[in-house]
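Enquirer: What TrEMBL lists as domain 'G-protein coupled receptors family 1 profile' is 40-289. Summarising the annotation, TrEMBL assigns transmembrane segment to 26-47, 98-119, 139-157, 196-224, 236-260, 272-291.
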Amino acid sequence: MEGNRTLLTEFVLRGITDRPELQVPLFLVFFFIYVVTMVGNLGLIFLIWKDPHLHTPMYLFLGNLAFTDACTSSSVTPKMLMKFLNKNDMISLGECGAQYYFFCFSATTEIFLLFVMAYDRYVAICNPLHYVVVMSKRLCTVLISMSYIIGFINPAVHVGLLFRLTFCRSNAIDHFYCDLLPVYTLSCTDPTLNALVIFIFASSIQISTSVTIVVSYARVLFAVLNMKSKKGRKKAFFTCSAHLFSVSLFYGTLLFMYVSHGSGPGNNQDKLYSLFYTVVIPLLNPFIYSLRNQEVLGALKKIIKL
């Protein structure tokens, strides 16, 4: 049977839509989004690096979050833009694995950075007198390093398992990037093990970190409500509400796609959810974290005046 099958090594990304009249408008929209995303995230990294007042644990974590957002957008958007222009909608199995690896690396790292940022806010608000001691430079380095290490390991497992599969059905991936769940539907080898491993890894990582984040912010909220200083309460509320909004968007779409949704990808609803965590959230994050942050705005004003 294997000898009579044509094994596929190249695939076609079908993209967001096949309608030809929408290709150029969508290219312009997503090109603009990509430029703003990169300027926002790289600009935030530059501000944090340039201003000594922002050399604190919170902004160190925020700078790394901006880096992972830039990586997430860059792993998906350029290929999507090429598809809009019909320049290159083909992708080899190796390129497919590489694209998913870099996307999953940045997404996994971001999950743990959001977890670390929640812990940082918990210590800052619930235990402010010991904040400098607890959030030492050494601990911050360890937390960030562990986030990246887990980010490197998680996709390596899934991409490694991808190459145990053979593909001999349709070569059309009904998605705008090489997400593995739609790729599995094209396999003529049983992908049950691959899908199960993705489910186990995604559920264990996302549920454990999200529960910890919710508990941390619940304790933070209780501490904020008991603050006597109105100014301190307002500052803490704005900081934590920005974090919570970003966390809710990111976790909500990821939990739906990889935990509760199972393995039935390929429709427009899946693409919409995917757009949130690959395109929209990396665009919004630098603005969510900086628009009401007086320290970041102050650093920006200093740069503009130079």
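Glycine is treated like the rest: Cβ placed from N, Cα and C.
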Enquirer: Any contact between the transmembrane segment (26-47) and the transmembrane segment (272-291)? By contact I mean 3+ C-beta pairs closer than 8 Å, pairs at least 6 apart along the chain.
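Expert: Yes, the transmembrane segment (26-47) contacts the transmembrane segment (272-291).
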Enquirer: With the transmembrane segment (139-157) as the reference, find which of 196-224, 236-260, 272-291 contributes the most Cβ pairs under 8 Å.
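Expert: Comparing 196-224, 236-260, 272-291 against the transmembrane segment (139-157), the winner is 196-224.
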Enquirer: Apart from its near flanks, which chain residues at least 6 from the ends of the transmembrane segment (196-224) lie with a Cβ under 8 angstroms of it?
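Expert: 108, 111-112, 114-115, 118-119, 121-122, 125-126, 150, 154, 157-158, 161, 180-181, 233, 236-237, 240, 243-244, 247, 251, 254-255, 258-259, 262-263.
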Enquirer: For the domain 'G-protein coupled receptors family 1 profile' (40-289), provide the mean pLDDT of the predicted model.
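Expert: That region's mean pLDDT is 87.
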